[in-house]
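Q: One structure coming up, written as structure tokens, with questions to follow.
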Amino acid sequence: DLQTTGADHSATVNPDQQLIMTKHSATVTPENKCVFPFNYRGYRYYDCTRTDSFYRWCSLTGTYSGSWKYCAATDYAKCAFPFVYRGQTYDRCTTDGSLFRISWCSVTPNYDHHGAWKYC
């Protein structure tokens with residue numbers, strides 16, 4: 001249950017810090033970082049997700065263990081350069097393979113292996 005409604009979840013937020021919520025309590029700590037990829041309920045995530053939540057969140061460990069936080073702009077996955085796509089190495093965003101010719105990049109060094117990407 002990652003939604004923050006209910007009696008178990010309450011905290012005040014300092015706008016200069018990130019709100020870190022666990023399943024049972026909330027703690028404000030500025031140094032916690034998202035871990036990518038992370039495993040949650042049998043799936044691997046390479047970026048922040050809305051799974052089981054109204055807002056995008058990430059795990060603070062490689063395998064979700066109850067430590068997580070809402071994602072800020074700086075938490076989202078970054079392009080991994082260089083990356084491999086269809087056996088070719090790219091050192092910048094590409095429109096190759098994009099149906100609508102929109103620039104994209106892999107968020108892992110090997111798109112062919114992981115299939116994880118984002119728009120540039």
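Residue positions begin at 1 at the first shown residue.
Just so it is clear, glycine is given a Cβ too, placed from its N, Cα and C backbone atoms.
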Q: So one of THR12, THR94 should carry the feature O-linked glycosylation site according to Swiss-Prot; which one?
A: THR12
Q: Considering the candidates CYS48, CYS93, CYS105, which is the cysteine that Swiss-Prot reports in a disulfide bond with CYS71?
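A: Answer per the record: CYS48.
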Q: Please name the cysteine among CYS58, CYS120 that Swiss-Prot pairs with CYS93 through a disulfide bond.
A: CYS120
Q: Swiss-Prot annotation: CYS34 disulfide-bonded to which of CYS58, CYS79?
A: CYS58
Q: Of THR22, THR49, THR63, THR95, which does Swiss-Prot mark as O-linked glycosylation site?
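A: Swiss-Prot annotates O-linked glycosylation site at THR22; the rest carry no such entry.
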Q: According to DSSP, which of helix, strand or coil covers CYS79 (disulfide bond)?
A: coil
Q: Can you give the mean pLDDT for the domain 'Fibronectin type-II 1' (29-73), rounded to a whole number?
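A: Mean pLDDT, the domain 'Fibronectin type-II 1' (29-73): 93.
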Q: Using CB atoms and a 10 A radius, I'd like the single residue among the disulfide-bonded residues CYS34, CYS58 with the highest neighbour count.
A: CYS58
